[in-house]
């Protein structure tokens, strides 16, 4: 589990609640069913209207990608690739068949299978790059769903605020109902702006950042797979892969 991402979510929401309490409010003051229905229901409706259902499902599934996915470990992957290279150089490429069950990553396993089957390097690279592209497009669309929700939520919050003020104006003669309308108005704004900037947009950015790490890892695997196929010197391949990771990470800064 990615505890840092979870911690960030808790701190962000907790800071708002703590600030409200510090000003003399209570948690109950921030709980308004009408405001929640307007903001979250309206935002969800706008998202459903904007995206195909499969993209919305992928977006929900991507929460697992953020909080429960493996931590990308480049050094461990390089070690695995080098182990496979040593086996291939000592016993031949066909000996890698016995190692397939020990390869946890399906992408790397598939690439090694291509090597065992004698697929040409160009075709291996093209096929695996196509997989990366398809994977990237799917995850980017999931991020787009959250990014769009982050754009809709504040506007829906304003709609909720306006509805609350309308309620106030309709009940000017009844002071007991004015407070409810004002509360709905302001809490709806908090829900809209807060959910956008503390939940939806950060999740979208987190997905993109995790995706960049995953893509770099898969590109590293492609370089390693091609190195195994070519029978490169282990020391040279390690240096090449480590340099590849460093250079790509510099490009992202």
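In case you wondered, yes, glycine gets a Cβ from its N, Cα and C as well.
Automatic, uncurated: that is what TrEMBL annotation is.
Annotation comment: TrEMBL describes 7-89 as domain 'Motility protein A N-terminal'. The residues of the domain 'Motility protein A N-terminal' (7-89), classed with DSSP into helix (H, G, I), strand (E, B) and coil, number 69 helix, 0 strand, 14 coil.
If you look up TrEMBL, you'll see 28-51 (among others) marked as transmembrane segment.
Feature annotation from TrEMBL assigns domain 'MotA/TolQ/ExbB proton channel' to 101-219.
The transmembrane segment annotation in TrEMBL covers 149-168 (among others).
Listed as Cβ neighbours of the transmembrane segment (180-201) (distance under 8 Å, sequence separation of 6 or more from its ends, same chain) are residues 9, 12-13, 16, 29-32, 34-36, 38-40, 43, 146-147, 149-151, 153-168, 171. Feature annotation from TrEMBL assigns transmembrane segment to 180-201 (among others).
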(request) Determine the mean pLDDT over the domain 'MotA/TolQ/ExbB proton channel' (101-219), rounding to the nearest whole number. (result) 89
(request) For the transmembrane segment (28-51), find every same-chain residue at least 6 residues outside the stretch whose CB is under 8 Å from a CB in it, and list them. (result) 16-17, 20, 59, 141, 144-145, 148-149, 152-153, 156-157, 159-160, 163-164, 183-184, 187-188, 190-192, 195
